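One structure is given here, and the rest of the page talks about it.
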Amino acid sequence: CRDWKWLPRDGESYRDNEEGSSDATEGHDDEDEIYEGEYQGIPSSAGDKKQGQVALGKPMSDATKDRGELEQERQADEEELAQQYELIIQECGHGRFQWQLFLVLGLALMSDGVEVFVVGFVLPSAETDMCVPNSSSGWLGSVVYLGMMVGAFFWGGMSDKVGRRQCLLICMSTNGFFAFLSSFVQGYGFFLVCRLVAGFGIGGAVPIVFSFFAEVLSREKRGEHLSWLCMFWMIGEIYASAMAWAIIPHYGWSFSMGSAYQFHSWRVFVVVCALPCVCAVVALTFMPESPRFYLEVGKHDEAWMILKQIHDTNMRARGQPEKVFTVNRIKTPRQLDEFVEMESESGNPVSKAFFRIKAEVRGIQLSTCPSDCRYYGLSVWFPDVIKHLQADEYASKVKIHNNERIEGITFNFTLENQIHKNILFINDHFVNMKLKSVTFIDSTFRNCYFDDVTSVGSFFRNCTFIDTFFFNTDIDESKLIDGTEVINSTFTHNKTGCQMTFDDDYSAYWVYFINFLGTLAVLPGNIVSALLMDKIGRLSMLGGSMILSGISCFFLWFGTSESMMIFMLCLYNGLSISAWNSLDVVTTESFPTVRRGTGFGFCNALCKLAAVLGNLIFGSLVGITKAIPILMASSVLVGGGLVGLRLPDTRANVLM
C-alpha cells in the first residue's frame, strides 16, 4: 500500500508559500527524497527504515497470507483512503471545476429525461405513420425501457472497471447515434431496434453521472449539489414537452420522396431531442476522469494530476493562483486482481471470473439498494388515464345516423366522430375530404365515387360496395372489416403508407401542455429538496415525501374529471420529487467506489423494470377500474416511505 503526504494549511506546519509550499510542486528536501519506484508505490529502503521492519528486516510476504487477511488489509486501506480523499477534496475546494462538471453531467442527465418522454410523445404518431396494427402497438414504450434497464446495469458495471468518463462517452455516443438514425428509418421493426439500442445507451447515464459527480464533492456539499444535479432531469422533461408542443402538431413540417419515403413532423422532433446528447458528448471530451476511480484502480499518478487540476482551477477562479497543491502521495488500496491471483494459483480465467462475480454480488448484497421504482408506474399510468378521460368525452359527443337513404350528394368536407348505421348511399361523390373517427356499419354504397379521400381511425364494418370507383384514397383491406364485400368495384392509385394529420386537432397540443404543466410542478420540490437535503437529512426527506405522495395518490380515487386528474398529477409530481432526489443521494452514498456504478446501475435497472411492469399492469386496468392501481400505488408509496426511514443515515459518511 502506498503512503501519502498531506500538509495542512497552518503556517507552523509547513514551509511558507513564498519558499515553495509542497514537495509535489516545487521540489523536495533530500531527507524526503522520492525515487521513481517509490512514487509508483514501491517502498524504498530508506522508507522501510523509517517506517520500521518486521523480523529479519523484511515484511511479511503476501504469499503467507490467506485471502481473508488480504481482504481485511484492503478494507483498512479503503477506510484510510476515504478519510484522506475527503481531506484532499476539501483542500481542492468547491468552485469552477465542480460547476463545469455540473453543467456537462447535467446535459447527460437531461438526455435521459428527454429519452423517457420522447417515447410517449412520438408513440401515437410513429405507430400511425408506420401503419402499425393494434396488436403490435405499445411495443415501442416497452422496448425502450427494456433497453434502458439492460443498459443501466451494463454501463454501471463497466464504469467501475473502465472509468466513469470513458463509459459515459461511449453510452452517450451510442444513444445519440441511434436516436438520430431512428428519425430516418421507415420500417417499424428497424425503428424499434434503433430505439432499443438508443435506450441501451442512455441507460448508463443516471448511474454514471451521479457516481462521477459525487466523487469530486466534499461531504458537506454532496447532498445539496447532487440534488441540484437532479434538476437537469426535470429540464429534460420540460425540453421534450416544449419541443413536442411546438413541433409534432405541425403536420406541414414534413417532406416526402415519392410514396416510399415520408419524413413527418414527429421525426423532426426526434432529431431535435437528440441534440442534448450530442452536446453532452462534445462537452465531456474536455473533462478528466474521476480521480477517485483512478485511485481505486491503482493509478496514483493520474489521480494526483487530476486532483491538482481541480485545485489549481478552483484557486485561479478565486483569485489565488499562487496557492499550491500540498499533496504529494496518496495511499491506494490493494487491487482485486491480486486477490484473484491468490485465489487461483494457476490463474485459471474461469476461476478468476467466478471469483470476481462472487465478489461483486457480495458487495451489492452488503450495501443498501434503495430505488425509485414506484415513480414509474404512476408516471406511465397518469397520461393513460387522462387520454382515457379524453376518449370518453370524445365518444360521448359522437353523432349517430340510422336507417337513411342518401342519393346524389357530394361530400367535400370533413366527417368526424360519427357512426352511420344501415345507410344506403346511391350515386354519391366523396371528393377531397377526410374521415376522422367515422364508422360505417351495415351500409351499402352503390355507384359511388371516392376521390382523394383520407381516413384516420375510420372503418367500414359489414358494408357492401357495388359498382364503386376509388381513386387516390387510403381505403384498403385494413379499413374494410367484419365481412365487408366489394362487388364490381375498382381501386386505382391508392395512397401508400398511413395517413396522419393534426389539422384542427387541438388534443395533441393539450396532451403536451398537460405534461409541460406536470413537469413545471416539479420545480418547487426540486428547489426545496436541494436546500434542505443536508439540513433535515436524506431519510427524513425521503420518508416524508413518499408518505405525502402516497396520500395524494389515494385522493385520485375521487378524481372524476380531466381537470381534477391534471391537478392531482401536478401535486403528485411536486411531492414525489424530493423522494426521488433523496434516493439518488442515498444510493450514491451507500455503495463503495469499487461498486458504486454497479450498485446504482442495478437499482436504476429495477426502476426501468417497474416502468415495463407499469405499462403492462396499470395500462391494462385503464378504463376498467381505478381502485387497483390507486390502492397499489398509494400503499407501496406509504410503505416505502416508512421503510426508507429505517435506512442507514449516510449524511455524515465519507465516500468509501
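Glycine too: its Cβ is placed from the backbone N, Cα and C atoms.
Note: TrEMBL annotation is automatic and uncurated.
Not measured: the values here are computed from a predicted model.
Going by TrEMBL, these are the annotated features:
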type	residues	note
COMPBIAS	1-18	compositional bias 'Basic and acidic residues'
COMPBIAS	63-75	compositional bias 'Basic and acidic residues'
DOMAIN	101-651	domain 'Major facilitator superfamily (MFS) profile'
REGION	1-76	region 'Disordered'
TRANSMEM	101-124	transmembrane segment
TRANSMEM	136-155	transmembrane segment
TRANSMEM	167-184	transmembrane segment
TRANSMEM	190-214	transmembrane segment
TRANSMEM	226-248	transmembrane segment
TRANSMEM	268-287	transmembrane segment
TRANSMEM	509-533	transmembrane segment
TRANSMEM	539-558	transmembrane segment
TRANSMEM	598-618	transmembrane segment
TRANSMEM	630-647	transmembrane segment
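Within its own chain, the transmembrane segment (268-287) has Cβ neighbours under 8 Å at 100-101, 103-104, 107-108, 110-111, 114-115, 118, 121-122, 165, 168-169, 172-173, 175-176, 179-180, 182-183, 202, 236, 239-240, 243-244, 247-248, 253-254, counting only residues six or more beyond its boundaries. Taking every recorded stretch in 101-124, 167-184, 190-214, 598-618 and counting its Cβ pairs under 8 Å to the transmembrane segment (509-533), the highest total belongs to 101-124. Touching of the transmembrane segment (226-248) and the transmembrane segment (167-184) is ruled out by the presence of fewer than three CB pairs under 8 A, sequence neighbours closer than 6 excluded. Within the same chain, residues 108, 111, 115, 118, 151, 155, 158-159, 191, 194-195, 197-205, 208-209, 212, 263, 267-268, 270-271, 273-274, 277-278, 280-281, 284-285, 597 sit at least 6 positions outside the transmembrane segment (167-184) and bring their C-beta atoms closer than 8 Å to a C-beta of that stretch.
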